[in-house]
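K.L.:
Feature table excerpt (TrEMBL):
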type	residues	note
DOMAIN	18-214	domain 'Thymidylate kinase-like'
BINDING	GLY20, GLY21, GLU22, GLY23, VAL24, GLY25, LYS26, SER27	ATP binding site
Amino acid sequence: MLQEAPTSKASRARFITFEGGEGVGKSTQVKRLLQNLQRHDIEAVRTREPGGTPKAEAIRSFILQGRSESWGPGAEAVLFAAARLDHVNQLIAPNLRNGTWVLSDRFHDSTRAYQGLTGGVDDKLIAGLESLALDGHAPDLTIILDMDPEAAFKRVAERAIEDGLALTGDRFEKEELEWHKKLRDGFLSIARDNPDRCVVISAAQSEDTLEAAIWEAVTQRFPELLRGSQA
Ligand code: T5A
């Protein structure tokens, strides 16, 4: 579980999710946003999907090892939803109730994009699973990091070479490039359909520049952060 020690209390907690394709820099930026919030004396935790709780992490291992692949995207959507239900009940909802901001590295838009828009799972099944798993806990803000998938793969490969690691890839990282281009379009269409919740930011910039762009988007959405008080 990635939950981290909270800092001070905030009276109104927000739920922020990070979405996008493989290797666009979500995990890096979730950590940086957590630090920026803590510098502003905001109590916050970071978490991830699939995962975030012991039960959801068990489902994560099962899926990412490829053990559910032969079941098809519909069954995988159900598994992601089961993990999400536990994550919401055990980690996200209690933290928000307690005044702690929650930053999640992926959430329900990943099921919409991967299993729905790219995997072809019926909209009604995706919507039903979403309503069950979220139980009213939709994100207040979703940051979609957008990047050409070829460039993102190159980035991950370069880092693996620098670190002397073999580039193995999980279940989804092994899909074809065309599949990843469709996935990128899927995230962009989710952003277009949800303009009040989603902000698309180009991930093809340095970690520092991207961090600044994300902070600007977050403070624009929640100006109380700069006023030093919570709405
Ligand atoms: N999934 C998930 C579904 O299919 N349905 C669902 O409902 C859910 C929730 C999860 C997989 O499960 C699928 C989607 C995924 O395939 P994961 O390991 O969490 O698997 O996969 P990713 O989310 O893609 O995680 P990655 O670690 O691969 O990518 P990130 O988090 O986007 O990228 P990050 O921050 O780890 O950075 C990647 C590399 O680039 C460098 C970093 O140092 C690192 O080496 N980097 C940069 N380099 C240059 N410039 C920058 N701005 C950089 N930012 C990071």
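Note that Cβ sites are derived from N, Cα and C of the backbone, with glycine treated the same way.
Note that TrEMBL annotation is computational and uncurated.
Note that the structure is a prediction, hence the values are computed from the model and not measured.
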K.L.:
List every residue in the same chain as VAL24 (ATP binding site), at least 6 positions away in sequence, whose Cβ is under 8 Å from its Cβ.
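P.N.:
Expected: LEU145, ASP146, MET147, ALA152, ALA203.
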K.L.:
Validating a neighbour-count step here. Other CB atoms within 10 A of the CB of LYS26 (ATP binding site): how many?
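P.N.:
A count of 22.
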K.L.:
According to DSSP, does GLY25 (ATP binding site) fall in a helix, a strand, or coil?
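P.N.:
Its secondary structure by DSSP: coil.
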K.L.:
Give me the long-range Cβ neighbours of GLY25 (ATP binding site): same chain, 6+ apart, Cβ under 8 Å, in sequence order.
P.N.:
LEU145, MET147, ARG155, ALA203, GLU207, LEU210
K.L.:
Can you check how the pLDDT averages out over the domain 'Thymidylate kinase-like' (18-214)?
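P.N.:
Per the prediction, mean pLDDT sits at 94 for the domain 'Thymidylate kinase-like' (18-214).
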K.L.:
What kind of secondary structure is GLY20 (ATP binding site) part of, going by DSSP in three states?
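P.N.:
In the DSSP reduction, GLY20 (ATP binding site) maps to strand.
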K.L.:
Going along the chain, which residues six or more apart from GLY20 (ATP binding site) have their CB under 8 A from its CB?
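P.N.:
Residues satisfying the criterion: LYS26, ILE144, LEU145, ASP146, MET147, PHE187, ALA203.
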K.L.:
When a 10 Å sphere is centred on the Cβ of SER27 (ATP binding site), how many other Cβ atoms does it contain?
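P.N.:
A count of 15.
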K.L.:
Here are the binding-site residues: GLY21, GLY23. Which has the lowest count of other Cβ atoms within 10 Å?
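P.N.:
Ranked by other Cβ atoms within 10 Å, the binding-site residues GLY21, GLY23 bottom out at GLY23.
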K.L.:
What is the set of residues, excluding GLY20, GLY21, GLU22, GLY23, VAL24, GLY25, LYS26, SER27, whose C-beta falls within 8 angstroms of the centroid of the C-beta atoms at the ATP site?
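P.N.:
Nearby residues not in the site list: LEU145, MET147, ALA152, ALA203.
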